[in-house]
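Engineer: What follows is a structure written as structure tokens; I'll ask about it next.
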Amino acid sequence: MSYKAKTVVSARRDQKKGRVGLTEEQKQEIREAFDLFDTDGSGTIDAKELKVAMRALGFEPKKEEIKKMISEIDKDGSGTIDFEEFLTMMTAKMGERDSREEILKAFRLFDDDNSGTITIKDLRRVAKELGENLTEEELQEMIAEADRNDDNEIDEDEFIRIMKKTSLF
């Protein structure tokens, strides 16, 4: 367990921030989704087509999210997105999804009883396995820092929030 925990954390530290690299297979999937929804062959897709294309790639974007994405990506103000813009956007989205999955892997290393929360007992065990000699007060402070709903435990959302806040992921 301690080896796995160290591996997950060090792998994330070593990974470059920002744009993640996509495999050729992922790029091909993105190209196929784009082409499928570029029904008129214009080389661009509009907001409605974007939503359908993203769903085909496994995302569930909300209307506001689509509008925001288009305004950030559509630099020429045409209201449409070309393939390069779509690829840039989907690369970022896939990076966010990968980051979340990595954080949840780390969460599961702490939550070895699969309760869905990290307790002070879980934190104490991991600290000991990693050779960290933390006091009860320090452990409690760590829980308190992440705990948003005052239940003295850290759930998945709280863990994701604190990991992103501390830039460990």
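Glycine is treated like the rest: Cβ placed from N, Cα and C.
Okay, these came from Swiss-Prot:
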REGION    1-24  region 'Disordered'
DOMAIN    25-60  domain 'EF-hand 1'
BINDING   Asp38, Asp40, Ser42, Thr44, Glu49  Ca(2+) 1 binding site
DOMAIN    61-96  domain 'EF-hand 2'
BINDING   Asp74, Asp76, Ser78, Thr80, Glu85  Ca(2+) 2 binding site
DOMAIN    98-133  domain 'EF-hand 3'
BINDING   Asp111, Asp113, Ser115, Thr117, Asp122  Ca(2+) 3 binding site
DOMAIN    134-169  domain 'EF-hand 4'
BINDING   Asp147, Asn149, Asp151, Glu153, Glu158  Ca(2+) 4 binding site
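What does the local environment look like for each feature on the list?
Structural biologist: Counting residues 6+ beyond its ends, the domain 'EF-hand 1' (25-60) has Cβ neighbours under 8 Å at 66-67, 69-70, 78-83, 86-87, 90, 93-94, 97 in the same chain.
Annotation for Glu49 (Ca(2+) 1 binding site): same-chain Cβ neighbours under 8 Å, separated by at least 6 residues, are Phe37, Asp38, Thr39. DSSP assigns Glu49 (Ca(2+) 1 binding site) to a helical segment in the three-state reduction.
For the domain 'EF-hand 2' (61-96), the model's average pLDDT works out to 82.
The number of other CB atoms found within 10 A of the CB of Thr80 (Ca(2+) 2 binding site), across every protein chain shown, is 18.
Mapped onto DSSP classes, the domain 'EF-hand 3' (98-133) shows 23 helix, 2 strand, 11 coil.
The Cβ of Asp113 (Ca(2+) 3 binding site) has Asp122 as same-chain neighbours under 8 Å, each 6 or more residues away in sequence.
Note: the domain 'EF-hand 4' (134-169) comprises 21 helix, 2 strand, 13 coil (DSSP; helix = H, G, I, strand = E, B).
Around the Cβ of Asp147 (Ca(2+) 4 binding site), a 10 Å sphere holds 18 further Cβ atoms from the protein chains shown.
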Engineer: Listed binding-site residues are Asp40, Asp74, Glu85, Asp111, Thr117; which of them have CA atoms within 10 A of the CA of Glu153 (Ca(2+) 4 binding site)?
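Structural biologist: Near Glu153 (Ca(2+) 4 binding site) by Cα: Thr117.
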Engineer: Sorry to bug you, but what's the C-alpha spacing from Asp151 (Ca(2+) 4 binding site) to Ser115 (Ca(2+) 3 binding site), rounded to the closest Å?
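Structural biologist: About 14 Å separates the two Cα atoms.
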Engineer: Quick one: of Asp74, Thr80, Asp111, Asp147, Asn149, Glu158, which binding-site residues lie within 10 angstroms of Thr44 (Ca(2+) 1 binding site), measuring between C-alpha atoms? Sequence order, please.
Structural biologist: Thr80
Engineer: DSSP helix, strand and coil counts for the domain 'EF-hand 2' (61-96)?
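Structural biologist: Summed by class, the stretch gives 25 helix, 2 strand, 9 coil.
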Engineer: Out of Asp76, Glu85, Asp151, which has the highest number of nearby Cβ atoms, where nearby means within 10 Å of its Cβ, if these are the binding-site residues?
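Structural biologist: That would be Glu85, with the most Cβ atoms nearby.
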Engineer: Residue list, the domain 'EF-hand 2' (61-96) vs rest of chain: Cβ under 8 Å, 6 or more residues beyond ends.
Structural biologist: 19-20, 22, 26-27, 30-31, 34, 42-47, 50-51, 53-55
